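First up is the structure itself, then whatever we jot down about it.
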Amino acid sequence: MAIRKKNSKSPPVLSHEFVLQNHADIVSCVAMVFLLGLMFEITAKISIVFVTLQYNVTLPATEEQATESAFLYYYGIKDLATVFFYMLVAIIIHAIIQEYVLDKINRRMHFSKTKHSKFNESGQLSAFYLFSCIWGTFILISENYISDPTILWRAYPHNLMTFQMKFFYISQLAYWFHAFPELYFQKTKKEDIPRQLVYIGLYLFHIAGAYLLNLNHLGLVLLVLHYFVEFLFHISRLFYFSDEKYQKGFSLWAVLFVLGRLLTLILSVLTVGFGLARAENQKLDFSTGNFNVLAVRIAVLASICITQAFMMWKFINFQLRRWREHSTFQAPAVKKKPPVTKGRSSRKGTVAQSCPTLCNPMNRSTPDLPVHHQLPESTQTHVRLVGDAI
């Protein structure tokens, strides 16, 4: 994401710059059309498809739940319209966070272009990850996932979802779909677009896969686990940009990242490889949403394992690059020994040239303690490059 410059002259209407500067207002007007459609009887039926969740069923109250009936949901083709509407909402929220929070911090910190781009990325993602973690944890607690882990595979297929569960998945799909137009709105550099497309595509592939294959219980647990680790990384990067001495967050993130990959594999194998493999109903049935067959289970485990291996490979390369740069920076430079002379005055001059800070009579620092010398320009440039790489 490049730095957006506000020009005093307003660009022509519907021009490239006009759309970039006012995309949040344009999207807000489109979203208002759907909301205003709810006020009129002619357009209400169409607007409801976009604004509210579809495919709800009402289950009568049982002996265990005699107080009230349960309202559950399943998925269908109309969910695409709901995802589209909440994608517009995500674009509006993205612009609000960018303008009223991140841009104000950027003006105070005076970041370079590279740091400015990564600061905006981490600011947006940390807010989304934090919100998703809190929301997902609330669903896990309310539906007793923590006390009974067998819910992950028991009574499969999980084709009926609660309101919170379905709305969570709709919001997740809407957010990651909104990332595609944001590449244009935020003027993403061409060299960064392939990385962003892979990043977004992996999220959409796994979230949509868990949603369509009725593995929403397993997908929710894995998303909360992954989002928590990613939130820690991006919040650590935000603190690093404000103070480059802050490194503790990255060390904690490195440990939790490896543990997160390990827990993801354990839960996936436990649910798909053991729980679903021992289920009685193992027939492919599209009407009931049962995809518990050997081919699908192998495909699910293969996709999860390949993704985790890819993430670990990127993580190892990132850590090796950081360690290599850190070791290069701390390697002592080989200096030539000054010629030894017998004269007393020449020895004083040699010592004064080799360490002018200690021998300066105006410097009152203790010779036994480390004295901070100014780094040469090449070293300062190296430190800035390492900071931009993070």
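Placed from the backbone N, Cα and C atoms, the Cβ positions cover glycine too.
Taken from TrEMBL as is:
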type	residues	note
TRANSMEM	26-53	transmembrane segment
TRANSMEM	83-102	transmembrane segment
DOMAIN	117-326	domain 'TLC'
TRANSMEM	123-147	transmembrane segment
TRANSMEM	167-185	transmembrane segment
TRANSMEM	197-214	transmembrane segment
TRANSMEM	220-240	transmembrane segment
TRANSMEM	252-274	transmembrane segment
TRANSMEM	294-316	transmembrane segment
- With the transmembrane segment (83-102) as the reference, which stretch in 26-53, 167-185, 197-214, 294-316 has the largest tally of C-beta pairs below 8 Å? 167-185
- For the transmembrane segment (197-214), which recorded stretch in the set 123-147, 167-185, 220-240, 252-274, 294-316 gives the largest number of Cβ pairs separated by under 8 Å? 167-185
- Query: Do at least three CB pairs under 8 A connect the transmembrane segment (123-147) and the transmembrane segment (220-240), leaving out pairs fewer than 6 apart in sequence?
  - Reply: yes
- Query: Taking residues 6+ outside the transmembrane segment (123-147), which of them lie with a CB under 8 Å of any CB in it?
  - Reply: 94, 97-98, 101-102, 105, 162, 164-165, 168, 172, 175, 217, 220-221, 223-224, 227-228, 230-231, 234-235, 238
